[in-house]
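Under the heading compositional bias 'Basic and acidic residues', TrEMBL lists 345-355. The domain 'Neurotransmitter-gated ion-channel ligand-binding' annotation in TrEMBL covers 52-211. Among the features that TrEMBL reports, domain 'Neurotransmitter-gated ion-channel transmembrane' is placed at 246-350. Residues annotated as region 'Disordered' in TrEMBL: 332-355. Feature annotation from TrEMBL assigns signal peptide to 1-22. The annotation transmembrane segment is assigned in TrEMBL to 239-263, 270-288, 300-323, 411-432.
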Amino acid sequence: MFLTKTVRVFFAFLVMLGRARLDTNISSSSYLDSFTKLRKLVQSRLEAANKIPPKYYHFQIPIRLNYEPLQIIFVDEVSQTIMVSSSITLVWLDPVVSWDPRNYSGIDTIEMDSSSFWAPNIYIPKTSDSSVKLLTLNEKVQVSNRSTVSTLIPIITTTLCNLDLTFFPFDKHSCTMIFVESDMYNLTYLDLPPKDISFYFGTNAAWILVGYTCVTQPSHYTPTFTYIVCSIEMTRRRAFYVVNLIGPMAMTSAMTLVVFWLPAKAGEKMTFAVSMFLASSVFYNYILEIMPRSMESPPRLNLLLIFNGILIMLATAATTFVLRRYEHQKETEQAEVSEPSTKSRTLDQKQGESKKNRLFYSRRCNSVSPEPVEQVNLSQLNLLQGELLGPEQPEVTKKQYRTGQWSYAKLDMMFFVLMSALTLIVWILVFFL
């Protein structure tokens, strides 16, 4: 009894499964038939319409466009161009194609050949590549039951862009792209949520795509029409230039100032200055390879390069002046050291002569008069000694001469302070003003 019941349940399950498969086959067959029937209907209507342009309709045909940049491929500072990979969604209305989805198994969208439809001609005026001045549609377009035709167009454009390199490498740029319908139909911007497919594209090693905005602008021609202006915001990746360009330039400026801290006694001040000049010359050749070549708006960093060269020249000239003062001061000190010994020898000779004269004078006085003339003789001898020795040179004048002139050490410190202040002012003017 139990076995018979189990068999009945099993056979009932098989019957239900067979019916479900039959219903699925019938539904799939009806869906395919509906799709084929709908496709033939739309195709026959399109052939009858023969690509009628919108201007022959009694109402305005809206044409909408959505633009989304995906990746910055290349930026050329010399030719002032930017190459961008983008996706464009183009949507327009074709009154010929419309149907009721209830009559075609709920189908509300089908895919058709784009060659069967009239399509707007989108013109990109600012592109430098003549092959992409007009957008080329894909082979297939999506058609909805509400007469809407849409297509997604991947495109790579090379667009003219005015690049202001004044603040290189901290520069930011805004490049514009313009989309115009060549037959002067009204073109409006289609605001769609971001497709978020830029994640699958590689990033540029030198540039960052910050964002973009698109607006609809009216023309100033007659008859008036509307077009779309899209602005692409991008900034340069500055880490490479800070490490390999600005950092070495700052170290070069700092090392140039070190020449004023070297002692003149070492004899290496001029050698160090010349070595810094040669090292800077080699470094400038490397800088020319990575600096953008634009004379319309040259970077302020060029001023810093020129200033570094001038700083080295001024440091060399100041070092030469300090060394000359050092040699002069050295000769003066040697002369002052040798002067006391010469003066002491001269004084001994004069004292010896004065003793002889004193003895001769005393003998002469004794021979003439036997009276004591000790007090008179002393005064006369002192007067005679003063005439023989002559007046001594005052030491105050020499000390005043030595203190009136700056020593080479003070000159080094003065030049170091002046050059440091000048360097700081130039760096602030270049990067912060």
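Glycine is treated like the rest: Cβ placed from N, Cα and C.
Counting residues 6+ beyond its ends, the transmembrane segment (300-323) has Cβ neighbours under 8 Å at 166-169, 245-246, 249, 252-253, 256-257, 259-260, 264, 269-270, 273-274, 276-277, 280, 284, 287, 291, 408, 411-412, 415, 419, 422-423, 426-427, 430-431 in the same chain.
The average pLDDT computed over the domain 'Neurotransmitter-gated ion-channel ligand-binding' (52-211) stands at 86. Helix first, then strand, then coil: DSSP counts for the domain 'Neurotransmitter-gated ion-channel transmembrane' (246-350) stand at 91 helix, 0 strand, 14 coil.
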